[in-house]
Amino acid sequence: MSSVLQHARRPSVITQHVQDIKIRQKFLLKLSKALLSFGAPSHRITSQLTAAANILGAEAEFVHLPNIIIASIKSNPNSPSARTYFVRATGRVALTSLHRVHLVYRDVLHDRIGAEEGTQALKKLLREHPIYPLYFRCILAFFAASVICATSFGGSFLDMWVSGFCACILQYLGLNAAHKSAMYANVYEISVSIIVAFVARGLSNIPGNWFCYGAVSSAGVVLILPGFTVLVSALELMSKNLFCGSVRIVYAVIYTLFLGFGLTIGSDFYLVVDRRARKAYYANSVPTNLTYTHGRFVMANGSHPFIPIQGVLGQADALNYEQQHLVKGCYRDPSWQWFKQPFPWWTLLILVPLYSTLSSLGNLQRFRSVQLPVMVIFSCCSYAANKGASVVLPGRTDIVSAVGAFVIGLLGNLYSRVIGGTAFTSMVTGVLFLVPSGIAQGGGITQTYRNSADQYSSGFSLALRMISVASGVTIGLFVSQLLVYLFGSRKNAAHFAF
């Protein structure tokens, strides 16, 4: 009890490592750059920097824009003027580096080390290269896409390897070609989605139904889905950060539309080239317009009792044999060999932890670290809750995603509150797993269309599904955070989580 009271009475000022105001300013600016570079939760950046400035005794104000932080810092508390700094950085999520940044941030604010030592530690982190080389990250993308193909999109053993190969090429182009050429970086996502859809449509038209177009194309581009961007934008809007939230969510929706149209263009391009495939594709179309009439239905044979039916009657064809054996958009005949069938349910006990591990490593988490098993366990618990909710509430991707997000938010915030770990890095893997799972439950990334109207609506429906999933995840994360931090002593530093 006494330790809890001492922790609650800890002073929110620096008393041991008091240093010059310029050194503290350098630490704040370097901290801003590190948070932007390693993918910190953008709706928390301003509060973290403000808390750091208050505890360090520096009069500063911060404004966060996408990829930019504007800092106004007074060099002298008695001076009426202040200097304005623009900190600009672009980056992606790097879990190990972000965890180390948070440790430095916490040590400085808890007066364990000085601002000068913290600045040098952040400089060293920013100068370091990614912990994994290019070829290893491509291998991780290959296996991650292969596993998610079987886990979320109903892919077979054959579909796994094709989708993994597409994701490997996609990762190489994104990390190498798009990084070196600014011109190609502008069309990178559209180009790879066209290539993946073209390859998937071509393989799906091989006689014998060896490959499924929906599984291969969906898993092939799952790595470039803007799920994290949509999630962060929804969190910013919930935090009343209207400017950044609206900018990011509009960008994510337009990006998703481009991605969906790129998949459509790639599929159509193959159908233009292959006349046989085009005829087979449109020959399997099922009329969606029902013929309605108003009348009265009576049995012609009067010897059998039958209650007459009257009103508006509709006529439609029953499902054929192929439609009766669709598994997540893929035709699976029960008489086929095992390598053309979807994976049984018990394989999820192996595939879900495997994908969680691959996803964590792909986000630059060190293999030999205590945080990796924590991430995997949290992700598996979140997926189990998500899967159970989808059975009870099929088709409600928002509520299902909220249940999974609530579970991982509860675990992550308790991990930070009780054990002292970093909540954000422990939750990233599970939260990112909810995006492809929710999209797959809502109908997948690619959908079959029969006319130009369906062609455009499929692209919009993908964007709407992603927003629905992100909204559910946002609600679940905020509710779990509220429950965990409703009781107990206040934090000495800003909250570092979703």
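For all residues, glycine too, the Cβ spot is worked out from N, Cα and C.
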Range annotated as transmembrane segment in TrEMBL, from 363-382, 423-442: 423-442
Spatial neighbours of the transmembrane segment (185-203) far in sequence, C-beta under 8 Å, 6+ residues away: 162, 166, 169-170, 173-174, 177-179, 210-211, 213, 216-217, 220-221, 224, 255, 258-259, 261-267, 269-271, 274, 277, 446
Predicted model, mean pLDDT over the domain 'Threonine/serine exporter-like N-terminal' (27-269): 86
